[in-house]
Amino acid sequence: MSNEKGIYSSEYHDQRDDNGLPAAGETPVKMSAGRYLATRLSTLKPPMDKVENPISLLSSLTLKNWLMFLCAFLAWTWDAFDFFTVSLTVKGLSASFGVSTKDITWGITLVLMFRSVGAITFGIASDRYGRRWPFVVNNILFIVLELGTGFCRTYKQFLACRALFGIAMGGLYGNVAATALEDVPEKARGIVSGMLQQGYAFGYLLAAAFARGLVDTTPHGWRPLYWFAACPPILFIAFRLCLPETDAYIERQRIRAAGDNVGKTFVKEGKVALKRHWLLLVYLVLLMAGFNFMSHGSQDLYPTMLTNQYNFSANAVTVTQVVANLGAMIGGTTIGYLSQMFGRRFSIICISILGGALLYPYGFTGSKAVIAAAFFEQFCVQGAWGVIPIHLMELSPGSFRTFVVGTSYQLGNLVSSASSTIEATIGQRFPLPAKHEGKTTVLRYRYGIVIAIFMGCVYAYVILLTFLGPEYKNRSFGIANDEDLQEATGHEAMEAVHGLRSPSKTDDISRA
């Protein structure tokens, strides 16, 4: 989006509006800040690219594409499973360690806080050494730390395990996005992006199901859920070791190897990327903060609203949550698919407007009919999210794709980690008559209006930021037109690897 000469925008070579301004599209070009802002409305026009039916698109994936996607999807699903194990066992954990429920939720907060450390560490490692081995190390940490949590005997041990777990969890998102999407045919990127993102909702459903079957069904209480959670990553490691690196990474590594030192070239790429794209990196963090506020703001306090304000039973809450997550999975896949036709920004803005319109039934329906509202609201929330993996991939500098995708996502998550606290604080301004459960007095609040106010602001923020941001739809992930890599390595190395000319013995490629 920015460099020392101006602002990066995007355009289709064959598509311009009546004023000659660039339409939405793929190729970054430099322009002044004023001209960039002037193109925000014109570039929002849907490109209306011809999109095949979903079955045809999915059939265009090769066996390698499918295996890479499946491995990434399973790992991302289990990342969510591992995260939700704490939320689903708060009562048992507090009883075992002799602390309050609030103290246990610090375990969730620590995971969110340390995710950024993992995103930076594993993101850089994945861009430098490939997607495979950082993925393997990630999952080894999942195994060790989930087992460790299951054997914790004190509250301090529990917090230590969850803090380290946050580092492992933070390192996975950028890696799985690159693994699943880098080599996918351009026309199938949207639908595959939507499918990948919904691994998170699927992970929640699996965690809820296994918690019902494993928690408090043996003398070990909550611990079997964590012991079980440590097992599937063994299979993911074996699966990933059987797969190669992505073609895009292999191609980029060949260019680096053509220079005098791969490590020095990588560092030089980082300097070039930071110099040319620092403003874009800031934008992506701000955008992901909005998206994470969107998901946390619509989900974290919702079960509390159903029980506290509308007196739903535990089973009714579970059913509503399951239906909402089904809506999320369908929405993410559907809007991800449609973004290939309508563009990334247009799709996000439209589904966010629809989500805002559904806030009233989502927060103000006190009967079982709220199930329908929950389904469609999460359809919209995760519909917008379904565009995110491929949108971030297309916006990110090629040399640091894993790092940028993972770090922007996790820093945004860190910013939004206070969502439930903010909503709970606002909720105190809207009290309801207290209810009595035996000798206990339960304070009640109108959380529905709180969620509506909070989410209305979040939707407006996401719409505004998406409108102002760039879009590089269908941007090539190859290195042929990668100006960052050319600047870092020199044209000689690029030409030598691609066979544009044969390097002689006297070529001084070390200039790269």
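Using N, Cα and C of the backbone, Cβ positions are placed for all residues, glycine too.
Here's what TrEMBL has on this protein:
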- 1-27: region 'Disordered' (REGION)
- 66-84: transmembrane segment (TRANSMEM)
- 68-473: domain 'Major facilitator superfamily (MFS) profile' (DOMAIN)
- 104-126: transmembrane segment (TRANSMEM)
- 133-151: transmembrane segment (TRANSMEM)
- 157-178: transmembrane segment (TRANSMEM)
- 190-213: transmembrane segment (TRANSMEM)
- 225-243: transmembrane segment (TRANSMEM)
- 278-296: transmembrane segment (TRANSMEM)
- 316-339: transmembrane segment (TRANSMEM)
- 346-363: transmembrane segment (TRANSMEM)
- 369-392: transmembrane segment (TRANSMEM)
- 445-468: transmembrane segment (TRANSMEM)
| message | Within the same chain, where does the transmembrane segment (346-363) have neighbours whose Cβ lies under 8 angstroms from its own Cβ atoms, ignoring anything closer than 6 residues to its ends? I mean 6 or more beyond. | response | 24, 44-46, 294, 298, 305, 331, 335, 338-339, 369-370, 372-374, 376-377, 380-381, 383-384, 387, 391, 447-452, 455-456, 459-460, 462-463, 466-467
| Is it true that the transmembrane segment (133-151) and the transmembrane segment (225-243) have 3 or more Cβ pairs under 8 Å, skipping pairs fewer than 6 apart in sequence? | yes
| For the transmembrane segment (66-84) and the transmembrane segment (225-243), does the number of C-beta pairs under 8 Å, pairs 6 or more apart in sequence, reach 3 or more? | yes
| Can you name the far-off residues of the same chain, 6+ from the ends of the transmembrane segment (104-126), with a Cβ under 8 Å from a Cβ of it? | 83, 86-87, 90, 93-94, 97, 133-135, 137-138, 158-159, 162-175, 178, 400, 402-407, 409-411, 413-414, 417
| request: State the mean pLDDT for the domain 'Major facilitator superfamily (MFS) profile' (68-473). | output: 91
| note | Within the same chain, the residues 6 or more beyond the ends of the transmembrane segment (369-392) and with Cβ under 8 Å of it are 177, 180-181, 189-190, 192-194, 196-198, 201, 284, 288, 291, 294-295, 298-299, 302, 306, 310, 319-321, 323-336, 339, 344, 347-348, 351-352, 354-355, 358-359, 361-362, 404-405, 408-409, 462, 471
| field | Closest-packing stretch to the transmembrane segment (316-339), where packing means Cβ pairs under 8 Å, from 157-178, 190-213, 225-243 | value | 190-213
